[in-house]
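Engineer: Swiss-Prot feature annotations, pasted as is:
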- Asp68: active site, proton acceptor (ACT_SITE)
- Arg12: site 'Important for substrate specificity' (SITE)
- Thr69: site 'Important for substrate specificity' (SITE)
- Gln151: site 'Important for substrate specificity' (SITE)
Amino acid sequence: MKKIILASSSPRRREILSRFFDIIVHPSNVNEDKIKEKDPTETAIKIAKAKAFDLAVKFPTDTIIAADTIVTLNGKILGKPKDSEEARKMLKQLSGKTHEVVTGYCIISGDKIIEGAEITKVKFRELSDDLIEWYISTQEWRDKAGGYGIQGFGAILVEHIEGDYYNVVGLPIIVIIKLIELGHKLKRIF
């Protein structure tokens, strides 16, 4: 059976995928900042494809999975904040509003290339300055698109979501389904 190679250094993607499969983590060397499309969904897919193809050359007999998550508000991409001030600004922008979390994915297995994107709508509650300052102090905003992590302390910021929760964390469940369809067996947990 082919090995599953995750082309990511994201601990969240590793955690989600390793719940279902035995995986090998091997981050790609793609410079994501150089890939920009007008449409955020196309950007996420293109970055995921670049990551997957980067590793497909190194691991041609295995199954490669790559993903990229982008947060958008009114069509504007909110990347990973560079510092606490930028994180604070992002959280204030998101306060009381609905934004989209887009995860582009690409799976390469032999001659099969599966690509797509999942979009989840996330509505933030009205955030007080005190709540924003508290969240900034947790440091959880670091290395997170949009400046928050829904799976941790950031859950308190969210009023509700429409769609796949795991997509907001970083890897939509559809990727797991596609791997099963490709013949990969779920790992035994008992």
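Backbone N, Cα and C atoms are what each Cβ position is placed from, and that goes for glycine too.
Quick one: where do these features end up spatially?
Structural biologist: Around Asp68 (active site, proton acceptor), taking its Cβ as the centre, 26 other Cβ atoms fall within 10 Å, counting all chains.
Every protein chain shown contributes to the tally, and the Cβ of Arg12 (site 'Important for substrate specificity') ends up with 20 other Cβ atoms within 10 Å.
According to its DSSP assignment, Thr69 (site 'Important for substrate specificity') is in a strand. Neighbour list (Thr69 (site 'Important for substrate specificity'), Cβ cut-off 8 Å, at least 6 residues apart, same chain): Ala44, Val101, Val102, Thr103, Ala145, Asn167, Gly170.
Gln151 (site 'Important for substrate specificity') falls within neither a helix nor a strand when secondary structure is assigned with DSSP, and so counts as coil. Long-range Cβ neighbours of Gln151 (site 'Important for substrate specificity') (same chain, at least 6 residues apart, Cβ-Cβ under 8 Å): Arg12, Val169.
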